[in-house]
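Enquirer: Provided herewith is a single structure, encoded as structure tokens, for subsequent inquiry.
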Amino acid sequence: MKIKNICCIGAGYVGGPTMAVIAQKCPEIDVTVVDINKERIAAWNDEDVENIPIYEPGLSAVVKEARGRNLFFSTDVDAAIDKADMIFISVNTPTKTYGIGKGMAADLKYIELCARQIARVSKNDKIVVEKSTLPVRTAEALKNILDNTGNGVNYQILSNPEFLAEGTAVDDLMNPDRVLIGGDIDTPEGKEAVEALVDVYAHWVPRERLLTTNVWSSELSKLTANAFLAQRVSSINAMSELCEKTGADVNEVAKAVGMDSRIGPKFLKSSVGFGGSCFQKDILNLVYISKSFGLNEVADYWEQVILMNDHQKRRFAAKIVQTLFNTVSGKKIALLGWAFKKDTNDTRESAAIYVADYLLNEQAEIVVYDPKVKTEQIYADLDYLNTRSSEENRARVKVVNTPYEATKDAHAVAVLTEWDEFIALDWKKIYEEMLKPAFLFDGRRLLERKTKEEIGFEFYAIGS
Ligand code: UDX
Ligand code: ADP
């Protein structure tokens, strides 16, 4: 079975880049990305490809090549579903904020709405692909809705979790370590559906990297991969605190440990805490599923990764307060970086949000500079915490357009995202324009201690 028309529901950080690359690599397949968010679709269609809603190195060029040829962005969800033989579901699955499983389970309401819409609209057989990260056995729920509310057409459900990391999405999509496709491989129809998706990826991914499994393994592998990665960050962050007490240096420890080929060097960079839309959400999911099966030890084991991460964010903020003579009340603190990592404008679960919130509770005046994050996003992130009124957040947090505006007259500067441009700032000028003693807190191990101390900064870096 050859796929001719793909529809992707959800034009976000996963759906947008993934479909752009599929369209670029498969010129004979029409790819339509749909979203209910009109502004988002308008931005994807902006004549100037630099204005697409997601900042990812290399993405604008891919969109430029494919858009209008075989890549389309639209708000007409029904039409795209109707036309497609393969439908990717790539909508958001946030952690539930209400009811059973609040704060833990994934909220599947957007997925369910998609399923009901697909069932209502479809007039011929479809392959439905779960792209969003989902709890194990969501495919079963999807199938149930489609089969029971549909027009009698046949559905095959595949799980094709996305492993791209933000900031390197295009590269990760072009050269994936593996592509995982889960399907009903015990039936001929299921096998055929899996093969159809394998053929799409085989346009550019070597066959030996296309891994096919049953649906549950695929769903669980995604959660497991993210849990393992997050666990490595929490592990090295746990060591960072011990390093600070013992005189060891966490970078040296990470290097020594990572050179063991069994351990490997990646994901051992100590930081102010991991963020992003996946790690916390997926682990909470894992914890929730484990608990629901009565596997309390398994649940507690993974929950600790999050507790450690929360501790790291709090510890960093507390260090600032403690260093500034135990009070930041009325003091100006400059935060450099708001995104959860460099090279993205995504701020979901960014450590910066929690550090800012902590400092605001201590009555600090916050000034933020981030090269890619929009001002309104910063306020929205703080408002979402519901710690104080929206008016108060706006009164106490200022967002500026240059790092020098942020740091001028500040008591302290904290680096919260590892943007490359922060390395090359004129740190001498920053020092001269700050209040003294000038404190510099490096939450990313980005800056060189020696040169900063020579300038005159009181320098603190995570894990040393
Ligand atoms: C992650 C997974 O890597 C990806 O495979 C999955 O599809 C989605 O979740 P992402 O959240 O985009 O991707 O970014 P990632 O590079 O994994 O970083 C997550 C967080 O961990 C960031 O806040 C990052 O700064 C932090 N991190 C990462 C560290 O603090 N130290 C490290 O060594 C690595
Ligand atoms: P991710 O990081 O998983 O891509 P995003 O939040 O960036 O998540 O993107 C998900 C997108 O899905 C949002 O733009 C949202 O508007 C869209 N979406 C959610 N529900 C629906 C729906 N029923 N139909 C179409 N689009 C939807």
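Our numbering is plain: 1 for the first residue shown, then up by one each step along the chain.
Here the Cβ of each residue, glycine as well, is placed from N, Cα and C on the backbone.
Quick paste of what TrEMBL says about this protein:
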- 10-15, Asp35, Arg40, 91-95, 132-133, Glu166, 278-281, Arg348: NAD(+) binding site (BINDING)
- 162-166, 222-226, Arg262, 269-275, 340-341, Arg444: substrate binding site (BINDING)
- Cys278: active site, nucleophile (ACT_SITE)
- 334-449: domain 'UDP-glucose/GDP-mannose dehydrogenase C-terminal' (DOMAIN)
Enquirer: Residues with Cβ closer than 8 Å to the Cβ of Glu162 (substrate binding site), same chain and 6+ apart in sequence?
Expert: Val14, Thr18, Ser90, Lys131, Thr133
Enquirer: Between 0 and 100, where does the mean pLDDT of the domain 'UDP-glucose/GDP-mannose dehydrogenase C-terminal' (334-449) sit?
Expert: 97
Enquirer: Please list, in sequence order, those binding-site residues from Asn92, Thr95, Glu166, Ser270, Gly273, Gln280 with the Cβ less than 6 Å from ligand 1.
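Expert: Near the molecule: Glu166.
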Enquirer: Count the residues of the domain 'UDP-glucose/GDP-mannose dehydrogenase C-terminal' (334-449) that DSSP assigns to helix (H, G, I), to strand (E, B) and to coil, and report the three numbers in that order.
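Expert: Taking each residue of the domain 'UDP-glucose/GDP-mannose dehydrogenase C-terminal' (334-449) in turn, the totals are 45 helix, 19 strand, 52 coil.
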Enquirer: Given the binding-site residues Gly10, Tyr13, Asp35, Asn92, Gly273, return the subset with CB under 6 A from an atom of ligand 2, ordered by sequence, or none if empty.
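Expert: Result: Gly10, Tyr13, Asp35, Asn92.
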Enquirer: Around Asp35 (NAD(+) binding site), which residues of its chain at least 6 apart sit with Cβ under 8 Å of its Cβ?
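Expert: Set apart from Asp35 (NAD(+) binding site) by at least 6 residues yet with Cβ under 8 Å, we have Ile9, Gly10, Ala11, Gly12, Gly15, Ile41, Phe73, Thr75, Val77.
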Enquirer: Near Tyr13 (NAD(+) binding site), how many other Cβ atoms are within 10 Å of its Cβ?
Expert: 25
Enquirer: Any idea what DSSP makes of Thr95 (NAD(+) binding site), helix, strand or coil?
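Expert: Reduced to three states, the DSSP call for Thr95 (NAD(+) binding site) is strand.
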Enquirer: Quick check for you: of the recorded positions Asn92, Glu166, Cys278, which have their Cα within 10 Å of the Cα of Leu223 (substrate binding site)?
Expert: Cys278
Enquirer: Same chain only, sequence gap of 6 or more: which residues have a CB within under 8 Å of the CB of Glu166 (NAD(+) binding site)?
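Expert: Set apart from Glu166 (NAD(+) binding site) by at least 6 residues yet with Cβ under 8 Å, we have Tyr13, Glu56, Gly276, Phe340, Lys341, Asp343, Thr344, Asp346.
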Enquirer: Which of the listed recorded positions (Ala165, Cys278) has the least company, meaning the fewest other Cβ atoms within 10 Å of its Cβ?
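Expert: Among the recorded positions Ala165, Cys278, the lowest count of other Cβ atoms within 10 Å belongs to Ala165.
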